[in-house]
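Chemist: This structure is in structure tokens; I'll ask about it shortly.
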Amino acid sequence: MWGALILGVLFRGALTQISDENLGWNFVNEYNNKVGSLWNENVKKSWNYYTNLTDYNLEVMTNSTLQMAEFDKEAAKNASTFAHDGFGNATLKRLFKKIVNIGFAATNDSEQLKAISNLEADLTGIYSKGKVCLESKGCLQLEPGLTDIITNSRSYEELLAVWKGWRDASGKLMRTKYTDFVKAMNAAIKFSGFNDTGEYWRSWYETPTFEQDVRTLFEELEPLYVELHAYVRKRLKEKYGKDMFPETGHIPAHLFGNMWAQQWSNIYDLLVPFPGASSVDITAKMKEQNYNVTHMYRVAEDFFMSIGMEKMTDAFWQNSMLVKPTDRDVVCHASAWDFYDENDFRIKQCTSVTEDQLLTVHHEMGHIVYYQNYKHLPRLFRRGANPGFHEGMADIVSLSFQTPEHMKVIGLLDEVPQDSDSDINFLLKMALDKVAFLPFGYLIDQWRWSVFRGDTNSSNYNQHWWDLRCRFQGISSPVKRTEEDFDPGAKYHIPGNTPYIRYFVSFVVQFQWHEALCREAGNTRPLHRCDIYNNTNAGNKLREMLRMGSSKPWQDAMEAITGQRTMSAKPLVNYFDPLLKWLKEQNKEENTGWSASCPSSIPTPSALAAGSANLFISITCFVLCVFFAFFQIR
């Protein structure tokens, strides 16, 4: 596999560790060439499975993963023959460290690795194939059917049916497999010297105090979230009736226009502060202008090109999956893919023509732009400076794209409002996206780290999940949950095994970057009205950070764009300061906050219970009644 150079290295390394940096460069260059083709093949096979969920594609992907693991282990073993800790060149030293860490993270047991791969595929398969059968609408998958209902319905009963139905069709079916998956992951990671998988994930941030750092950031941002929560709760009580809300101050989780209550902008129509002020229905405007899926991606591409970034490659347009196929099962969860050949970058998304999806298009293309900017680096450095940086880059343009100024430029808004009422409307809508997400982004991995540590086990998976959601989000389950349920599994990133704290980090750093880029662009408007579109000065500053990939510690990348070496919540707080003042005024008569514990009882008026039950059990009752009648069971 490695050739004459590595065989010579192994022979010499058996006697003494090699300190010759020239030989070290030869080693990493050979590694880089070999790993490029292996990664490319592995990503292709993963793509084939996630865009066509067949047993054959699963087997091919699993075998490719096993091959990669063997390569990683051998590479780490060979790299360990070098005295790389003593190398004077920081880049070479960093490359060796990454080779060794990747290899040590691979389990020695091929059967164990195969089991992990199969379990993860089983979990994502359950998620992707899940369907909820509703009496009035037939059997629907998450995308687009259930998402359309949870987004647009304003019926308490229908929302409850969809919310509960999705959890029955996804998480509840994967509880046992997830327990096995956690055990297998932890057993594998111990080979690398980490205590558990969560500790390994946190190591990617190269910050010993990372866990405390994100806790401090959350505590700084929490007062803003508490005020937003109180305002939203008041308005939802007006819509659904105060009797539907527990006395603990929590909000039922199915009322936010989002399957996971992670972002609340889909219920903006229920919350708009000044209905008489200018506003626009972007989705309606897009449809009025005959937007199609391809046009949505061209709009996103135009934004990035306007600040000096590369256009999408021909391979992107030829190979991406931009709409849901009708002839096969796929994983619809949107994602961006780098095939490590400097040309083939793709997006997998079941796109529909809505404002929310247009934002997702910009998000995923932001990942592609990051890939394109660091494609010149050794493959080991083709990563974000830390996982949160990649997500932050994917989101940063949304802070410009969603401004009235930009909507006017691209023709989705007729006039830019200048009055304060319209400004508060805009800020609230942004807060429903950016601020509402903060506790959700924080708590997912609080739960998962606890599971990996063993503090939370299969006997209290669901209880601890809801303890965290009640405590940090101030939301509660609208129906009784037990340990027969597995509600974490209803969120893709749990079965998909995708670390989540990166999203919380990204929501913090994107505001730091936005502030810095707006300063570079010479912006004179308030931060929340800054649009860097068509400004190559801002683009050049952003590119300086993107081109670093993970070749330097993330603090260096942060300094390149902001002049600071730490994450800060201040730009986010400053962005929403006018809204915070307004919210405090609106909430003067409200009891802000909520109980740290979940409510002990759930409001279920008889009419509601009957309506909800009818949606789920009418078909079941019919089948059972026929069964009983046929066999005359007494």
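Note: Cβ is positioned from N, Cα and C throughout, glycine not excepted.
TrEMBL entries are annotated by machine, without manual review.
According to TrEMBL:
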- 1-16: signal peptide (SIGNAL)
- N52: N-linked glycosylation site (CARBOHYD)
- N89: N-linked glycosylation site (CARBOHYD)
- C133-C139: disulfide bond (DISULFID)
- Y205, R502: chloride binding site (BINDING)
- N292: N-linked glycosylation site (CARBOHYD)
- C332-C350: disulfide bond (DISULFID)
- H363, H367, E391: Zn(2+) 1 binding site (BINDING)
- H363, H367, E391: Zn(2+) 2 binding site (BINDING)
- E364: active site, proton acceptor 2 (ACT_SITE)
- E364: active site, proton acceptor 1 (ACT_SITE)
- H493: active site, proton donor 2 (ACT_SITE)
- H493: active site, proton donor 1 (ACT_SITE)
- C518-C530: disulfide bond (DISULFID)
- 607-631: transmembrane segment (TRANSMEM)
Chemist: Can you tell me the CA-to-CA distance separating Y205 (chloride binding site) and E391 (Zn(2+) 1 binding site), as a whole number of Å?
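Modeler: Given the Cα positions, Y205 (chloride binding site) is 14 Å from E391 (Zn(2+) 1 binding site).
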Chemist: Just jot down the residues in the same chain as C530 (disulfide bond), at least 6 apart in sequence, with C-beta under 8 A of its C-beta; none if empty.
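Modeler: Those within reach of C530 (disulfide bond), by Cβ under 8 Å and sequence separation of 6 or more, are L399, S400, T403, H514, C518, A521, N523.
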Chemist: Can you list the residues of the same chain, besides H363, H367, E391, whose Cβ falls within 8 Å of the Zn(2+) 1 site's Cβ centroid?
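Modeler: Residues close to the Zn(2+) 1 site, other than H363, H367, E391: A336, E364, G366, H390, M393, A394, D395, S506.
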Chemist: Cα-Cα separation of C133 (disulfide bond) and H493 (active site, proton donor 2), in Å?
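Modeler: With distance taken Cα to Cα, H493 (active site, proton donor 2) is 24 Å from C133 (disulfide bond).
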Chemist: Looking at Cβ-Cβ distances, which residues of the chain lie under 8 angstroms from H367 (Zn(2+) 1 binding site) while being 6 or more apart from it?
Modeler: A336, H390, M393, A394
Chemist: Looking at the glycosylation sites N52, N89, N292, which sits with the largest number of other Cβ atoms within 10 Å of its Cβ?
Modeler: N52
Chemist: Run through the Cβ atoms and count how many others sit within 10 Å of the one on C133 (disulfide bond).
Modeler: 14
Chemist: Using a 10 angstroms cut-off on Cβ to Cβ distances, just flag whichever of H363, H493, R502 is the loneliest among these recorded positions.
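Modeler: Minimum Cβ neighbour count within 10 Å, taken over the recorded positions H363, H493, R502, occurs at H493.
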Chemist: Quick check for the class: what is the C-alpha distance, in angstrom and rounded, between H363 (Zn(2+) 1 binding site) and H493 (active site, proton donor 2)?
Modeler: 17
Chemist: For N292 (N-linked glycosylation site), which of the listed recorded positions (N52, C139, C332, E364, E391, H493) have their CA atom within 10 A of its CA?
Modeler: none
Chemist: For the C-alpha pair, I'd like the distance in angstrom between E391 (Zn(2+) 1 binding site) and C350 (disulfide bond), rounded off.
Modeler: 20
Chemist: Given the disulfide-bonded residues C139, C518, which one's Cβ is surrounded by the fewest other Cβ atoms within 10 Å?
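Modeler: Sparsest of the disulfide-bonded residues C139, C518 by Cβ contacts within 10 Å: C139.
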Chemist: Using the alpha carbons only, what distance in Å do you get between the residue listed as 'active site, proton donor 2' and E364 (active site, proton acceptor 2) once rounded?
Modeler: 16
Chemist: Given the recorded positions N52, N89, C332, E364, find the one whose Cα is closest in space to the Cα of C139 (disulfide bond).
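Modeler: Closest by Cα distance to C139 (disulfide bond) among the recorded positions N52, N89, C332, E364: C332.
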